[in-house]
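Report on the structure given below.
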Ligand SMILES: Nc1ncnc2c1ncn2[C@@H]1O[C@H](COP(=O)(O)OP(=O)(O)OP(=O)(O)O)[C@@H](O)[C@H]1O
Ligand SMILES: [Mg+2]
C-alpha cells in the first residue's frame, strides 16, 4: 500500500467515523426519557416522514422544483460570469468600464434583491431563478477575473512570439491557464446556489424544499423539517462530489490537483 | 535572408519616473543572416531585455532595431524566442506543446502529427509525447520549449540561456544538436549565455556587454573552423579566446 492509498483510506475512515459519532449521539439523546420528541424527533420518525412524503408525492414535487431552479440558476449565473469575467479580466477597456460596477454590487447579499425582484416580476419561477443566477454570478465572476489576471506573463509572451494573435492568446493561453480559478468559482457558485435557493423558497414559494421546510414549521412537523434538512445536505454533498470528479478530470495537467 | 541590426538602441525602464533605470545604452550591433551570435555579460546587465526587444515584446525607449531593413515592432513568428524561464504550457501534453505554433495557423491533424514526431525525436523526448509537463524534469521541459520554437520554424532564433539549467553532459549534447540543426537550417541565432565556453563553442561572433548601463564592451569574432567538434574545446585558439573573455568579465 503506498502513501496515497493510506491517506485516502484514512480520510474515508475518519470521515465515516465523525458522521457515525454524530449519528450515535443523536440516537442517544432522542432515546433519553426526558427528550421531547416534538423538538428532537427520533430517527424513526424522520424516516417515516420521508416515506410519507414520498407516498404523497410531495417530496418528488419539491425536489424536482428545487433542482430545476438550482440547475437553471447555476447554469445562467455561471455562464454569464464566465463571459463577463473573461472579457473584464482580459480586455483593459472593458475592465475599466465594468469593474467598478462589479465591485459596487459585490458586497450586496443576493437575498437583498428579493423584494425588488418580487415587485418587478412577481412571485414567479423566473424571479426565483433570477435570484439564484445573481448569487452564482457574483461569487463566480470574481474568481474568473482573478484567474484571467493571474495568467503568467511568460506564457502570453511565448504564444505571441510564436505568432498568436491577441484573440488566439486569449483562447489558447489565458482561458486554460485560468481554469483552476474558474473551476473554483463554479464550485463556490454551486454552494451559493443552494444557500440562495432555500432562502428564496422560504420567503416566496408554493413548492420546493424550502417550502416543505416552511410547511413543517407551520404545522409543527419537526420530523419533516429534519428530513428536508438531511435531503438538502445529501443533495449538496453529492453535487459537490460530482463536481470534484469533473474538476479532477479537467485539472489532470495541474500539479496541485486536490 | 534575415539580418538583424540595432541602431543606437537605448532602453530605460520607467522612463521619466523617479525609479527610471537605464539598462541598455547605445547598442549598435549587426547580426548577419545565417550567423550564430552569442551575447555574454554579468547578471542584470540587460541581456534578456535586449532579446525581448528583438522579439518585439516591447519597444526600446530610443533607437530602433531592424530585421532586413524593416523596423521591428510587435511580435512576429519570424522571430522565435526561447525564454529564460520555463514557458512550456502545463495544460498541454508534450506533443501538443510542440505543435502549438503550426496549430495556430490551422495545420491539419496529419501535419501536426508529423511535426510532433519529428521534433520530439530531435529534442530527445521520444516516448514522452503524451506526458504532461509536470511529469518531466526541468531539463526535459527546457527541451520541450526548444523543440516547440524549432517546430514553429522562425527565421531568427532568440535563445535566452536555454541550457542554463542542464547538467554538463546534457548541455554538451544539446549544444552539438543545436549546431547540427542550425547547420541544416541556417537560421540567424542570437544566444544569450553566461557560460563563456558555450559561447565560444557555438558562435561566429560574441558580444560582450558591460553592465549598468549595458553597453557593447567588446566584439569577439570566433574563427574556429566548422563543423565544431568537442575536441576543439581544448585547442590553444579556443583557450586563448576563453582567457581573454574571462579577463573582460572580471571587471
Ligand atoms: N520589466 C522591468 N521593469 C523594470 N526593470 C526591469 C524590468 N525587467 C528587467 N529590469 C531590470 O533591468 C536590468 C536587466 O535585466 P535583464 O533581465 O535584462 O538582465 P539579464 O542580463 O538578462 O540578467 P540575467 O543574466 O540574470 O538573466 C535588471 O537590473 C532588472 O532589474
Ligand atoms: Mg536574463
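Keep in mind that glycine also has a Cβ here, set from the backbone N, Cα and C atoms.
The shown structure was predicted, so the numbers you read here are calculated from the model rather than taken from an experiment.
Marked as domain 'ABC transmembrane type-1' by TrEMBL: A:59-240.
The transmembrane segment annotation in TrEMBL covers A:12-29 (among others). Residues 35, 40, 42-43 of the same chain sit 6 or more residues outside the transmembrane segment (A:12-29) yet have a Cβ under 8 Å from a Cβ within it.
Annotation source TrEMBL lists transmembrane segment at A:67-91 (among others). Remote same-chain residues near the transmembrane segment (A:67-91) are listed as 98-99, 102, 125, 128-138, 140-149, 170, 174-175, 178, 182, 185-186, 189-190, 193-194, 196-197, 201, 208, 235 (criterion: CB distance under 8 Å, separation of at least six residues from the stretch ends).
What TrEMBL lists as transmembrane segment is A:103-123 (among others).
Residues annotated as transmembrane segment in TrEMBL: A:129-148 (among others).
Annotated transmembrane segment per TrEMBL: A:169-199 (among others), in sequence order.
If you look up TrEMBL, you'll see A:219-239 (among others) marked as transmembrane segment.
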Do any residues of this chain, six or more beyond the ends of the transmembrane segment (A:169-199), have a C-beta under 8 angstroms from a C-beta of it, and if so which? 66, 69-70, 73-74, 77-78, 81-82, 85-86, 89-90, 110-111, 128, 131-132, 135-144, 146-148, 150-152, 155-156, 159-160, 208-210, 213, 232, 235-236, 239-240, 243, 246-247, 250-251, 254, 256
